[in-house]
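As structure tokens, the structure follows; a few thoughts come after it.
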Amino acid sequence: LFTLSLKVVSVDVSVKEILGDIVLVKLEKEKLLFNDQWYCRCINVTTPSGECVEFPCYRWIANEQEVVLRDGKGRLPQDDNMKEYRRMELESRQRLFRWKEWHPGFPLSIDANTSTELPVDIQFETAKTVDFTLNYLKAITNLGLNELMMLFQSSWTDIADFEKIFVKIKNTVSEHVMQNWNEDLMFGYQFLNGCNPVMISKCRNLPDNFAVTQEMVESSLDRGLTLQEELKAGNIYIADYAILEGVQANATDPDTKQYLAAPFCLLYKNSQNEILPIAIQLSRQTTAEVFLPSDDQYDWMLAKMWVKCSDFNVHQLVTHLLRTHLTSEVFAIAMYRQLSAVHPVYKLLIPHVRYTIAINTAAREKLICESGLFDKANVTGGIAVVEVIHKAMKTLTYKSLCFPESVKARGVDNKDDLPNYYYRDDGMMVWEAVKRFVSLVVWIYYGSDESVQEDEEIQAFVQDVCSSGMKYCPQNSGEYRINLLNVRVSVHVHVIAYALCLHEVQNVTNFDWFAWVPNSPSTMRKPPPTQKGQVDMKYIMESLPDRGRASWHLGAVWALSQFQDGELFLGVYPDAYFTEQPVKEATETFREELAKVTKIIKRRNEKLKLPYWYLSPDRIPNSVAI
């Protein structure tokens, strides 16, 4: 089956000679005067006995290019009698998929400066899909923000002015945020189920440089216990933005000075199981002012804005860019470099790296590059991008990329201890469903731990991830060395489950939670307050993003929240890389499990005032591609 332009064409070829057992199919396209390319989905060969042998392709066939196809059976290298073809295939791919150090200290990326330099099989189908400038400007136009852009550098006069942005916005969550953003309950809720639900951690001991005291928070504790008793009881949580300490704020615009803080935010689970902020410190100094809910309304409002500004920027650079996009690209490149197309792990992973390298290349080209779009509205633009990623890489370990490990490390894994944490609950259901699917598939091919150790391709894949792609991570190569089946399974679950779940929460929620600018400012234009009683509404408006930056911010979060055209969702595999019946049965079981998870989430959401659907499997894209 070939795809030409937008047509699907089936070509039948009959051969009269007896060919014997068909082990390879070669495709070659003659060079014409114009550069036309054909996309081949698969070749089906019917033998004289009536047996049909499938040869999956799913590749573009270009001028004078010879493509060699194996049948659709998954084969481990040690069990394959055509090792020479595997070697030639991988050598060819390694010439196409080369590692490159885009920035020292970053995960390594593909060796391509522009999207057009990428291998044709991993490019987007249309260039406009990844044109960030076009998408952002389109978003600004669709949202009616063109006139506001002309007032760049001009401050808003009042919080209510931000409602002007909402004239064309019809979004249930965003409107709910707009109406309730300044309530402490809404502020606390977002640490559980907002756009960056990975910052909240159980607090057993207060940081030494957090100057909060019992007397300060006594009025916020509703159980009659002291702060130390509440800490011991497990009712105190913290969001710590230490990663931003010492980072240089965006200085790319000489006309607007921007400021960054590295706050502490202490959170309390009250007797109604609500998460509420009870103390905020904007500086790391022990002599710093601690802002409290009992303070003047403007002091407390601005302190919460500073926390949300820090949260927004950590979300964009660490949770979103590094932990989903850049790490997924590392796994994708290593997969192409080290795993043959007949390797079962290649077949398992390839639907989940669709367009990942392409979107990252486009981002490096126009979004996070020097003078890129990221600089226009975010306080962590400019040199801060590099500084923050460098810091985040120091804590990026394999375990931190495993969903269960990540929530356990933060002390938020117990449902009874911290209820209504839908990100955790739904994420764990998806993780377990993916893990069971991966386990079923890999056990079809691997019969023992010894077979894993004998698999030179999977070992090379893991080694490439560790020693090349993630070489700037802490010295954790032992974590990446695959010796046991359960460890190997979890590597694949990371690519499919953790990155997809985390990315879905980071991306689609952008517009919901960030469209109301006061709720999550992308930058601050006044320094953080150091004393109480000196803040008024005028100071707050001069601190928040100006009209131009607010417009760029809104255009960005709108563009990032859109699904791709023709988006494929978790469990949907139109390309039949696997042809064996046991794998097809495992895939069907996987779909059934995902459908059950979807029903559970839908049933729960029917009872919620603010439904949480972000990790419903029918809304999780198959790959990190936006």
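Note: Cβ is positioned from N, Cα and C throughout, glycine not excepted.
As annotated by TrEMBL, domain 'PLAT' applies to 1-75. According to TrEMBL, the feature Ca(2+) binding site maps to ASP36. Summarising the annotation, TrEMBL assigns site 'Essential for stabilizing binding to COTL1' to TRP60. Per TrEMBL, domain 'Lipoxygenase' is recorded for 72-626. Taken from TrEMBL, the feature Fe cation binding site applies to HIS320, HIS325, HIS503, ILE626.
Comparing the Cα of the residue listed as 'Ca(2+) binding site' with the Cα of every entry in TRP60, HIS320, HIS325, HIS503, ILE626, these being the recorded positions, the smallest distance points to TRP60. TRP60 (site 'Essential for stabilizing binding to COTL1') and HIS325 (Fe cation binding site) have their C-alpha atoms 25 Å apart, to the nearest angstrom.
For HIS503 (Fe cation binding site), applying a Cβ distance below 8 Å and a minimum sequence separation of six or more within one chain yields HIS320, THR324, HIS325, SER328, PRO621, VAL624. Model confidence over the domain 'PLAT' (1-75) is summarised by a mean pLDDT of 79. A simple way to gauge crowding: the CB of HIS320 (Fe cation binding site) has 22 other CB atoms within 10 angstroms, across all the protein chains here.
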